């Protein structure tokens, strides 16, 4: 279907996609909403009472057709995800084939057929694309050029540059997708061919599980490497340049989104292969999972889930209500099995308030810290770039050190600006590019070391004896004790280095101070940040200095690549650090979970704070709030969700402004002009949420919730009152 109607190799692609582009985007969103809603309702009915065979297959084919229609209508607007969804229709259609034609076939035989069919589909995609690339089309000069009908659609703004690029690249992309499906089916066939594990074998010890785990690790590793290369290529070659009367668009977000979907699919496949029972047994034995589960069982995590998934949760709630009104009357709850039963014990006042706070903090950081930092760094670049190099270096050292002392300050943009400003000043005084780059890297590296020492000695250590701060940090928890054990290791170890380099700058430096660690040891172990983040970022800033000429496109692309490499290294080092923390926690859990004498006071403070928190939310429970305050809290949450959704459309909310931009030239001297109307709307919605939170806390104060909290806490701690539950 994709090759015949959407890919550029087909003469039908231009008229088909051109026609789809005329269809309003709202139609695709409506069909998507209908598909999700119907799927949720049918799933609810199927969970409560399995559907009959005829009804099930009628529902299955109807949903498949509706989902396909949604993907087809979305091609001009979201081409990457839509084409991936249409291509995935092939493996999905294997499901009815399994039940219709091969229902009695052994599982191994079926998966052998599946992987061969998927591999053949991958070969067909590649075989159709390669001759077209080799022979080309009329008027083509380079192998990456598009046919003239597609170019006309782009030049006339009928379709976007991104859509045309996806149409050009979809055959090899489909080849990769089908290859992944074939590999997974092949591994599943090998898995089923081995003997089933004995009951006396622990999870992960059987030959089939060893095969599965090793195969998944290899596939995941190759996928990660491939996706990193695609991300780098997308960032380097698909941004910023004019082509066919449109600006070439950044497709790195699409690569990240597709990567998330791929790994989600692999996770579901592993769940289906091993089965919930084996996975649950393995998770039950994992100390890391146990501690993570404890951390996730709090209202802040639930509020985060509700903030980002409130809409689908609302749809599931509607599905619960629909099933109850249609089939649930007179039945017990265990027979109805509501989808949202897992939220029945949620403290909804706490959830709504905390979700509003999380959204408000996100908007504040994105707008206040993110944009303000960018404008500030651009202004610094504009003002100091012409100064003498050593004066500029000293000034930049002090300014960036001060900026770094703010907890939310981002490291890479600061290094980039240091590369821009210092290299610009050095080259203006006759320095070579390499000498300027080395000097800027040295200054940035020394600034990073100085910041680490300052944050450690003058922020962390003064609070090392504060029980309240140590409790907030969680020094007494097994997680933090595992991190502490790694940081206290003598010498230069891989675990210690990855934890210091892969973690966030400010929290890591302050934690080292709270733990009273040796400054020289921390300076030595954090020094690899020179290669991991400092040098790539400074190099990116130096490359951005090329403003015009034939080298501009190449150097700007290389600048983007170095930043991507720095981000990839940060992610990789962070994953390695997480592995070491997990390893220490798994092997020393009994010791790390025992209370130390110095932690007894922290646990008492933790119990006291927990009692205060539970008492407060008990006095402000949802059923005790007046109707108007409930409406205010719900309205505030909806406002902040709308604000976050608006800010996701970044280009509509803010003017394009980077580290090489000018406040005078690009913003007319007015910093606030960076915010466009949609951005002001998002800020206004966030302000409305702040007012709703203020109304809630004012009501609590005037109606005695705060004073009642203290009374209940005292009664609970002295054992005179009712337990706080």
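Cβ coordinates come from backbone N, Cα and C, glycine included.
Annotated by TrEMBL as transmembrane segment, the relevant range among 357-380, 597-620 is 357-380. TrEMBL lists transmembrane segment for one of the ranges 183-206, 279-302, 303-326, namely 303-326. TrEMBL lists transmembrane segment at one of the ranges 81-98, 135-152, namely 81-98. Feature transmembrane segment, per TrEMBL, maps to range 437-455 of the set 437-455, 456-474. Of the given residue ranges 678-699, 700-721, TrEMBL assigns the label transmembrane segment to 678-699. Between the transmembrane segment (437-455) and the transmembrane segment (529-546), three or more CB pairs separated by 6 or more residues in sequence fall under 8 Å, so the two stretches touch. Between the transmembrane segment (627-647) and the stretches 28-45, 357-380, 497-517, 529-546, Cβ pairs under 8 Å are most numerous for 357-380.
Long-range contacts of the transmembrane segment (110-133) within the same chain, counting only residues at least 6 positions beyond its ends with a Cβ under 8 Å from a Cβ of the stretch, are 3, 7-9, 90-91, 94, 98, 102, 143, 171-172, 174-179, 181-186, 188-189, 192. Same-chain neighbours of the transmembrane segment (357-380): 300, 303-304, 307, 396, 399, 403, 406, 408-410, 413-414, 416-417, 421, 637, 640-641, 643-644, 647, 654, 657-663, 667, 671, 674-675, 679, 682-683, 686, 689-690, 693, counting only residues six or more beyond its ends whose CB sits under 8 Å from a CB of the stretch.
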